[in-house]
Amino acid sequence: MTNYAIILAAGKGTRMTSDLPKVLHKVSGLTMLEHVFRSVKAISPEKSVTVIGHKSEMVRAVLADQSAFVHQTEQLGTGHAVMMAETQLEGLEGHTLVIAGDTPLITGESLKSLIDFHVNHKNVATILTATAQDPFGYGRIVRNKDGEVIKIVEQKDANEYEQQLKEINTGTYVFDNKRLFEALKCITTNNAQGEYYLTDVVTIFRANKEKVGAYILRDFNESLGVNDRVALATAETVMRQRITQKHMVNGVTFQNPETVYIESDVEIAPDVLIEGNVTLKGRTHIGSGTVLTNGTYIVDSEIGDNCVVTNSMIESSVLAAGVTVGPYAHLRPGTTLDREVHIGNFVEVKGSHIGEKTKAGHLTYIGNAQVGSSVNVGAGTITVNYDGQNKYETVIGDHAFIGSNSTLIAPLEVGDHALTAAGSTISKTVPIDSIAIGRSRQVTKEGYAKRLAHHPSRSK
């Protein structure tokens with residue numbers, strides 16, 4: 001039997017106090033809508049329909065061609081939102097999952113189990129439920145003495161007995177697709193909120209003696225719907241714990257897992273050691289045996305095997321095996337470091353390729369450069385790559401030696417095995433095997449220091 005999915009993503013999210021649509025707020029690097037959509041993929045839907053409304057083009061852009069879209073101009077309740085999908089799904093045979101786009105913690109495994117339960121029990125409708133210690137604000141699941149679901153009652157419509165019930169509606173359902181849209185034609189706004197409740201279709205099915213079931217989540221956290229920043233922070237905490245636990249199970253050591261931030265798409269190989277206060281974001285890959293020390297920040301980068309990154313920032317860069325970086329280094333976008341390169345403290349590299357075993361140990365800026373292998377870049381070296389309008393390239397050959405406090409004015413080429421003298425300003429090509437000296441000759445004036453006002457001899 002075919003599966004379909006309807007994702008409800010039309011709401012503004014007033015309690016978020018934000019210009020951003022609620023479902024576009026991020027949890028561990030992905031929007032809530034993306035988390036939900038990835039989980040929905042577990043049921044292999046033939047067609048997914050996303051109901052959009054507030055700032056619809058922003059929401060549409062997140063899923064693009066992965067989903068069909070329908071527009072809910074007025075937000076008149078969950079039942080009304082699902083009605084909008086009628087043009088896409090009416091009359092089709094199959095099972096339809098309905099899920100809110102603000103439930104980022106729901107897992108694909110739970111949705112697959114929900115569908116299987118629905119099919120195996122031959123239900124017309126199956127509600128995903130959970131047991132809440134504090135059910136206030138949730139719709140309650142009302143069962144008869146035989147344990148059968150007879151209705152769902154919203155908090156504002158619940159009587160005193162119903163408000164004591166602990167089993168809550170998570171807002172996720174599976175329906176027989178045809179019967180869903182037939183029942184939606186019968187619901188009304190005769191309730192405390194004056195809205196079309198999707199939950200009213202359960203009462204309709206029961207009145208027709210059709211089978212309604214409930215599948216109870218094992219982990220209550222999966223039921224969390226995010227309506228404000230407090231819930232968003234809770235979702236972030238739970239997701240972060242899931243992510244670090246997944247990596248630990250896969251062989252990663254965290255010295256202080258509560259303090260690290262790792263986003264959903266980060267990949268980490270076994271035998272990596274991660275100290276506290278490390279941030280890994282975007283599409284980052286960390287190779288086996290690598291050590292990331294306290295305070296390291298890496299985004300959208302590939303770090304090879306057996307690297308050591310000490311308290312440094314790395315953005316959109318590629319590091320081969322055995323590279324060492326830091327402390328206090330900054331690798332900016334477009335940086336590529338070959339095997340066993342060393343980038344030391346207070347070194348910045350941007351848009352450059354550095355060959356294997358090259359070392360830049362201290363206080364250096366390398367920008368828009370092609371640096372060969374086994375080059376020594378002395379402390380205080382600056383590649384002067386920008387003239388106020390354009391940027392130019394510096395090329396340094398293999399085994400070159402760049403003396404401390406060298407200023408290399410691009411465009412410039414320093415040949416293989418060439419040397420620049422310490423303190424030089426180099427603006428012309430340095431041929432292979434040459435030495436370039438670009439500084440004034442030292443002039444020493446013996447005894448002249450005594451003429452200075454601060455000299456001790458002047459105070460007598």
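Placement of Cβ uses the backbone N, Cα and C atoms for every residue, glycine included.
Feature annotations, reproduced from Swiss-Prot:
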type	residues	note
ACT_SITE	His362	active site, proton acceptor
BINDING	8-11, Lys22, Gln72, 77-78, Gly139, Glu154, Asn169, Asn227, Arg332, Lys350, Tyr365, Asn376	UDP-N-acetyl-alpha-D-glucosamine binding site
BINDING	Asp102, Asn227	Mg(2+) binding site
BINDING	Ala379, Asn385, Tyr386, Ser404, Ala422, Arg439	acetyl-CoA binding site
REGION	1-229	region 'Pyrophosphorylase'
REGION	230-250	region 'Linker'
REGION	251-460	region 'N-acetyltransferase'
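Structure coloured by features recorded in Swiss-Prot.
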| residue | record | Cβ neighbours (10 Å) |
| --- | --- | --- |
| Asp102 | Mg(2+) binding site | 26 |
| Gly139 | UDP-N-acetyl-alpha-D-glucosamine binding site | 27 |
| Arg332 | UDP-N-acetyl-alpha-D-glucosamine binding site | 16 |
| His362 | active site, proton acceptor | 15 |
| Tyr365 | UDP-N-acetyl-alpha-D-glucosamine binding site | 19 |
| Ala379 | acetyl-CoA binding site | 18 |
| Asn385 | acetyl-CoA binding site | 23 |
| Tyr386 | acetyl-CoA binding site | 12 |
| Ala422 | acetyl-CoA binding site | 16 |
| Arg439 | acetyl-CoA binding site | 15 |
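In the shown protein chains, 16 other C-beta atoms lie within 10 A of the C-beta of Asn227 (Mg(2+) binding site). Sequence-distant contacts of Gly77 (UDP-N-acetyl-alpha-D-glucosamine binding site), defined as residues of its own chain at least six apart whose C-beta falls under 8 angstroms from its C-beta, comprise Thr189, Gln193, Glu195, Tyr196, Tyr197, Leu198.
Beyond its flanks by at least six residues, the region 'Linker' (230-250) meets 16, 25, 27-28, 32, 35, 104-105, 221, 224, 257, 260-264, 266, 268, 270 of its own chain at Cβ-Cβ distances under 8 Å.
Using Cα positions, the member of the binding-site residues Gly139, Asn169, Arg332 nearest to Tyr386 (acetyl-CoA binding site) is identified as Arg332. Restricting the binding-site residues Asp102, Asn227, Ala379, Ser404, Arg439 to those with a CA within 10 Å of the CA of Lys22 (UDP-N-acetyl-alpha-D-glucosamine binding site) leaves Asp102, Asn227, listed by sequence position.
Residue annotation for acetyl-CoA gives Ala379, Asn385, Tyr386, Ser404, Ala422, Arg439. The furthest Cα pair among them is separated by 22 Å.
All protein chains included, Lys22 (UDP-N-acetyl-alpha-D-glucosamine binding site) registers 27 other Cβ atoms within 10 Å of its own Cβ. Residue counts for the region 'Linker' (230-250) under DSSP, split into helix (H, G, I), strand (E, B) and coil, are 20 helix, 0 strand, 1 coil. Here the CA atom of Asn227 (Mg(2+) binding site) lies 15 Å from the CA atom of Gly139 (UDP-N-acetyl-alpha-D-glucosamine binding site). Counting only the Cα atoms, the space from Ser404 (acetyl-CoA binding site) to Asn227 (Mg(2+) binding site) is about 57 angstrom. Of the binding-site residues Asn169, Ser404, Asn169 has the largest number of other Cβ atoms within 10 Å of its own Cβ. Over the region 'N-acetyltransferase' (251-460), the average per-residue pLDDT in this prediction is 97. Counted within 10 Å of its Cβ, the other Cβ atoms near Leu8 (UDP-N-acetyl-alpha-D-glucosamine binding site) come to 28, all protein chains included.
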